[in-house]
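TrEMBL annotations:
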type	residues	note
ZN_FING	B:57-72	zinc finger
DOMAIN	B:80-180	domain 'Toprim'
There are 2 protein chains.
Amino acid sequence: MKPRDPITRLVNAFRKLPGIGERTATRLAFFVLNESEEMARELADALVEVKERVGLCTVCCNLTEAQVCEICRDPRRDATTICVVERTQDLRAIERTGDFRGLYHVLHGLISPLDGVGPDDIRLRELLTRLQTPPGGMEAPQEVIVACSPSVDGEATALYLQRLLKPLGLTVSRIASGVPIGGELEYTDRVTLSRALSQRREM
Amino acid sequence: MKPRDPITRLVNAFRKLPGIGERTATRLAFFVLNESEEMARELADALVEVKERVGLCTVCCNLTEAQVCEICRDPRRDATTICVVERTQDLRAIERTGDFRGLYHVLHGLISPLDGVGPDDIRLRELLTRLQTPPGGMEAPQEVIVACSPSVDGEATALYLQRLLKPLGLTVSRIASGVPIGGELEYTDRVTLSRALSQRREM
C-alpha cells in the first residue's frame, strides 16, 4: 500500500536506491523540499528520460540512445577484437584507459551456478550471433578478450566462453591478473587496468 | 550547458543531492538503468509531487499538504505552549519523543550574523503574528520554548527571541542543555531530547 503523505512516499522511493537507508533518504527528501522546484524536476526528468531513451545496442548490448552504439558505429575501431565485460560500467572504465581500440560486448551479468544464473540469462546468445555472423560492414572477429572481474563468477564465465569460442577458431584471451582478486573492475585504477589489458594471456 | 547524453544528465542530477559525489551518482544512475521503469517513475513522481503538493502551514510554517497542518488542526494539542524549531526535521524528532503536546513554529533557519542571515530572513514575522493575534479558535500562547540547536546561531536566535517576546508578557524558555553542544537536533536520541524538553529553563 502506498503511503498518502508525499514526503513519506519520497523517502521510500529514495530508500530503494542502493546504499541509502532511512536516515539518508530522509535527509535527501528534506533537501529536495528546501531546494528549488527546478532542481527536483531536473532529477525527475532525468530519471524518466534515461529509462525512455536509453536501450541496448543491437550489436554489443552497450547502453545507447541509438540502435547501434557509438563505439560499434566508429569505423576507426578494430572490429576483429572484442572485449567481453560484465557491465556497462566496466566498458566505461576500460574506455577511460584509452588503450583499447577494439569493440566490446556487454554480458549484463556473469554465469553464477550458485545464484542460478546460467548462460541463457546473460547476453551470450547475442555474442555468439555477432561472432558467427558479423553485422553488415564489420570485419570478422578474431580475438575475444574476456574482461570479466577475476571473481568466482567471472572465472566461471571466462571458462565457459573459452570452451564455447575456441572450437569456432577464435583466439580467446583473459585480462591479466593485476586487477586485485575480488575487486570490482569499475573501481580499478587506470594503470592497473591498462596493464591487465596488455598482459592478457591466451586461454 | 546541459549534456546531451541522458546518462550523464542523470548522474549530474544525482550529484546535486547532498553527500553524493560523482562515484555514488554514477552507481545510482546505473542502478536506475538496470531496474524497472516503474521504480524510476515512482521516484520521479514522488519528486514532482512533493514539490507540487507540499507547502508551509499558514500558522506554524510546518510542511503540509493542507493550508493548516495536522498538528495545528488537532484540538487535543495545547495551543498555549509553542515550541520553536529551526527545521521540520527537528519538529519530527520532537514528535517522535511523544512528550510534547503543545504546538510548534518552524523558523526555517537561524539568525546568523556571520552568514548574513537576519531576523527578516527566517519565519519570525509569522511567529510574532500568531503570538499577537492567535488564529481563530486557538487559545492565546503563554509560553514559547526555544528548541533551536545549542550552536552559536541557535543561541543567537534564542537570545533574539527572548528579547523580542518577553516584553509581550510571554514566558520564554530554552530546552535544557543535554543535547550535545555542536550536535544536530535531528539526530539526538529520544531520551536526551525528552530530558532537554523537561529541563527547560525560563530565560
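Here the Cβ of each residue, glycine as well, is placed from N, Cα and C on the backbone.
Tertiary neighbourhood of the zinc finger (B:57-72): same-chain residues 82, 88, 91, 95, 103-108, 123, 126, 130, 135, 138, selected by CB-CB distance under 8 Å and a gap of 6+ residues from either end. The average pLDDT for the zinc finger (B:57-72) in the predicted structure is 94. Across the domain 'Toprim' (B:80-180), the DSSP tally of helix, strand and coil residues reads 42 helix, 23 strand, 36 coil.
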